[in-house]
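Novice: So that we are looking at the same thing, I have put the structure below in structure tokens.
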Amino acid sequence: MEFSVAVIPGDGIGPEIIREAKKVLDKAGKVYGHRFHYTELLMGGASIDVHGVPLTEETLATAKKSDAVLLGAVGGNVGVSNWYSLPPELRPEAGLLKIRKGLELFANLRPALLFEDLKKACPLKEEIIGEGFDMIVVRELTGGLYFGERKTVVENGLRKAYDTLTYDEEEIRRIARAGFETARKRRKKLCSVDKANVIDSSRLWRQVVKEVGKDYPDVELSDMLVDNCAMQLVKDPGQFDVILTENMFGDILSDEASMITGSIGMLPSASLGKTKLGLYEPSHGSAPDIAGQNKANPMATILSAAMMLRYSFDLEEEALKIEEAVRKVLSKGYRTVDIMSPGNVLVGTDKMGDLIAEEVK
Ligand code: NAD
């Protein structure tokens, strides 16, 4: 089969990790008889440097016409890069919000899986890790605080800033469905996380999730307050299967979940909407501190490419093959510096890509 993939390397380590993901995809294509046609696009700082904006309308239009979008990361060194002297709507990260909104990607799936061979890299004590954990955060991506009206004003000589958190029931319903559907394909446990003891949007969230839950009697639904969830993630991560939550809570909790897997360099993500067109990117940022040094872990991006095969192209076997290849390379002891432990073999970004591609056979 043939697929068109809009590829956005972005900034910092973006081009390095995208190169490795393409290497692995092409190998999978060769083994299984598929062709991936890449169109390289600019976004973030790379686009600001050329076009003065983080995402042009033409780039968005090209992305919309593709079968899927594969993204590295955007952004630079805050405080050092000139990009941050621009107004917020022209900074690199504004491109991310615009493409997510433009492609109507309202569901962000972030798996947090502790690989058996990386237990040593997990910062939690062995008795807490137990059998390990394998959860997924389903985060609402196009509503809530990050998209609400915001302003900074001066009142009575004092600066005052406000942001608004709004959800309507349809926005909650569609992400709740995505959460239940995800749980249905896994261990059938959905924990909806909110702050219903304080904020109205969370009270509506909880009601609507319960209503949607009636259509999924096979999925066990529970609620948890976000502060408790932050605590439970480090106290007993094995209790979670699917965490369903709104935009900002999901942003924070998925980073926390990612950290306890050992390295943010391991975690993929998929952003999905109503159609098959999805955007796939690692959960981490552009890591300007290690950019251009061949040190970045490409696994999160390679695993994101596997998610692309699964969710946008329905190539489950090929996706599993890539995930298995990552597992095999880890079990042979190869590590990038972020997950290195004594006794392992240190490799750079490009070598790690080669090793994973070799295992796809
Ligand atoms: P970051 O995720 O880029 O880096 C945090 C730490 O993790 C750094 O020490 C970095 O070296 C390390 N790290 C990240 N990815 C790694 C990998 N693949 N391999 C090895 N180590 C890795 O977060 P940050 O430093 O807070 O942000 C840097 C820039 O990235 C900022 O401009 C931020 O806005 C942007 N950002 C972009 C995205 C995105 O594009 N989706 C997401 C988060 C942050």
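Every residue gets a Cβ built from N, Cα and C, even glycine.
Since we're looking at a predicted model, the values are computed, not measured.
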Novice: Let me know which member of R110, R150 TrEMBL also records as binding substrate at the site of R100, R139, D227.
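Specialist: Of the residues offered, the record points to R110.
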Novice: Among the binding-site residues A287, A291, whose Cβ has the fewest other Cβ atoms within 10 Å?
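Specialist: Each of the binding-site residues A287, A291 was scored by Cβ atoms within 10 Å; lowest is A291.
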Novice: Between the binding-site residues R100, R110, R139, K295, whose Cβ has more other Cβ atoms within 10 Å than any of the rest?
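Specialist: Selected residue: R139.
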Novice: I'd like to confirm something. Which of the binding-site residues, R100, A287, Q293, has a Cα closest to the Cα of K195 (site 'Important for catalysis')?
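Specialist: When the Cα distances are compared, R100 comes out closest.
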Novice: For D251 (Mg(2+) binding site), name the DSSP secondary structure in the helix/strand/coil scheme.
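Specialist: In three-state terms, D251 (Mg(2+) binding site) counts as helix.
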Novice: For ligand 1, list the recorded positions among R110, Y146, G285, A287, D289, N297 whose CB atom is within a distance below 6 Å of it, in sequence order.
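Specialist: The ones that qualify, in sequence order, are G285, A287, D289, N297.
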Novice: Name the residues of the same chain, 6+ apart in sequence, whose Cβ is under 8 Å from the Cβ of D227 (substrate binding site)?
Specialist: K195
Novice: So which of the binding-site residues is most packed in, judged by how many other Cβ atoms lie within 10 Å of its Cβ, out of D251, D289?
Specialist: D251
